[in-house]
Amino acid sequence: MNSEILSFENVTFTYNAEDGPVRPAVADVSFSIQQGEWIALVGHNGSGKSTIAKLMNGLLFPNKGKVKVFGQEMSEETLWDIRSDLGMVFQNPDNQFVGATVQDDVAFALENNGVPHAVMVERVHEALSQVKMEDYKDHEPHHLSGGQKQRVAIAGALAMRPKLLILDEATSMLDPQGRMEVIETIRRLRESTGLTVISITHDLEEAALAERIIVMNLGQKNMEGTPAAVFSQGSKLTDMGLDLPFAMRMTHLLQEAGVGLQEEHMTEDKLVDELWKYYSKA
Amino acid sequence: MMEKMIFGRFIPGDSVVHRMDPRAKILFVFLFIAIVFVANNAWGYAILLGFTLLVVFLSKIRLYFLINGLKPVFILLIFTFFLHLFFTREGDLLFSFGFIEVYEEGLRQGIFISIRFLVLVFITSVLTLTTSPISITDGIEVLLGPFKKIKLPVHELALMMSISLRFIPTLMDETGKILKAQMARGSDIGSGPMKERVKAVVPLLIPLFVSAFKRAEDLATAMEVRGYRGGEGRTRYRQLNWQLADTLSLVLLAGLTAALWYFRA
Ligand SMILES: Nc1ncnc2c1ncn2[C@@H]1O[C@H](COP(=O)(O)OP(=O)(O)OP(=O)(O)O)[C@@H](O)[C@H]1O
Ligand SMILES: [Mg+2]
C-alpha cells in the first residue's frame, strides 16, 4: 500500500535577482512522501517552505534536481495533469477566493477542467459537506470568517478529488478559533478519506499533529522525523528560531522546577493527564 | 445617504422579475430604451408610464422605496423639467411672470421629457435591483458570445467584471483599515482646505494600490494552481435557464411597441 506520491531529488532553486547572486531559496533538498501520509514542513521565515510548495505544483521549476509527483517528473507537459490531482490552499483567505459565492468558488477548478454540469453539482455538494459548509453555499466571501473562507478553499481543492493536498500556512492568518476549525477539518478528512496532506507551517502545535516533520533552515533540509523525534531536539529548534509546542515548553519548565514528570508531552491533554496522576500520587 | 441610494444595488427577492433569465432582462432593458423614443404624444407617454408601473408592480419593489432611493435622480429630473419649461418658446404663451415666460409647448416638452427620463431610470433600476451583479455578468457574457468570432475577449471581460465585483467589499474594508491607520498617525482627511485634503488622500491610495497588486498576484497564482487556462474548454457551473416568462416578457414588449405605434401622432 505504501507507494510514493511525491519526491524531491537533490532539488536546488535560486530566484533571479538583479543585485548579484543570492543564496539558493532551496538548496539540495531531497525527501520522499508516501501515499496517505500527513507531513508537516516547518521552518523560520524565508527558509524556503513556500518555494518548495511552488516547486511541487510547477509554479517554479528546479534549477537542479528532479521533482516527481504521482510518479511523473514535473515538466511543462505533465504540469496540468499533475495540477488536476493536486489541491493547494494558500495563506491569505481573501486572495484565493475567485467565485462570487461559496459554491461558485468551489466549482472553479471543476469549471477549469471542463467537468460536465451534472457532475459539478454533485462534486460541489460533496466537497462542501466534507468541510461542513453546505449551509453557506450561497454566501458571499465578505460575509464569511477567515476560518470559513479557508474551509471553502479546502472544499475548492477537494472538489477535484485530489490525491494530495498542500496547505501553505493556511492557518497562519486565522484567529485561534479559525485555526481550530481548519485543523479539525483536515483531521476529519484524513480519517475519512486517508488523503495525503502536506502542511507548511511555523506553528509547531500544528506540526505536532503530523506523522512526520521536515524541518527547513536557510533553504536546506535540517531534520526529518516523527514529531517526537524532532521535538526531542528542543534546543536545536529554538536556535533556528522555532518555538516548541506549549505543552513541551511547560513540561521542560516543570521538570526544571523539580516536578518529576516522566515523559515529554506534545499535547496539552497528555500533560494534564500526567499532572493529575502526579498530583494524586503526591 | 449612501445607504439609501439604490442606483446599481441588488435587493434579493422572490418575484417573477427576480426569477427571470438575466439575458431576457438585459435584452428587455435595451429594447425598452429604444422603444421609449417611439412615443411622441400624451397617449404614448401615458402608456409608457402605465407599462413601467406594471413592471415595478411585478418586481414587487415598493414604489415608495424606489422613489426614495432615487432622490438624487429626481433633482436632475426637476432640473431638466424647468429647463424645458423656461427655454422652449413655441405654441401659445400660457403665462408670464416678470422675465419668465412659459409657453404651451414648453410645458408639454417638459412633461414628456421628464416622463421619458423617469421610465428609463425606473426600468434600469428594476434590472439592477432584481438581478445580482454576477447574473448580469453571466447574461452579458452569453449575449456577447457571438462577438467572440471577431476576437472580442468576451470570457476574459466577464471574468474581469466578476472578479472586480467580488473584490469591491474586500477593498472597501481595506480602505477603511488604511484610513484608520493613517488617522492614528495624525493624517486628517476630513478637514482643512481642499488642497490639504487631496494631499492627505495620497498616503491612503498608495498602500491600497500596493496591496491590490499583491492580491492580484496571489489570486493569479491561486487561479493557475486550480487549473485556470483561459476560456477554452471550460464548462459553466452557473447555468442560465430561459423560461416561458422570459419569452412572454419580450412578447409584452412587442405589444407595447405596437400600442405606441398605433397612438403615435
Ligand atoms: N519571488 C521572489 N523573488 C526573489 N526572491 C524570493 C521570491 N520569493 C521568495 N524569495 C526568497 O527566497 C527565500 C525563501 O522564501 P520562501 O517564500 O520560500 O520562504 P518561506 O519559508 O515560505 O517563508 P515564510 O515563512 O515567510 O512564508 C527567501 O529568502 C525569500 O526572500
Ligand atoms: Mg511562505
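Backbone N, Cα and C atoms are what each Cβ position is placed from, and that goes for glycine too.
TrEMBL: automatically predicted annotations, no manual curation.
Sequence annotations record features per position, and here TrEMBL assigns transmembrane segment to B:26-56 (among others).
Remote same-chain residues near the transmembrane segment (B:63-87) are listed as 4-7, 9, 53, 56, 100-102, 106-107, 109-111, 113-114, 117-118, 121-122, 125, 129 (criterion: CB distance under 8 Å, separation of at least six residues from the stretch ends). According to TrEMBL, the transmembrane segment annotation covers B:63-87 (among others).
According to TrEMBL, the feature transmembrane segment maps to B:107-129 (among others). Note on the transmembrane segment (B:107-129): residues 6-11, 17, 25-26, 28-29, 32-33, 36-37, 39, 45, 48-49, 51-52, 55-56, 59, 61, 66, 69-70, 73, 76-77, 80-85, 88, 91, 94, 136 of its chain, located 6 or more positions outside it, place their CB under 8 angstroms from a CB of the stretch.
Only residues 6 or more beyond the boundaries of the transmembrane segment (B:244-263), in the same chain, are considered here, and those with a CB under 8 A from a CB of the stretch are 16, 19-21, 23-25, 27-28, 31-32, 35, 38-39, 41, 43-44, 47-48, 51. The annotation transmembrane segment is assigned in TrEMBL to B:244-263 (among others).
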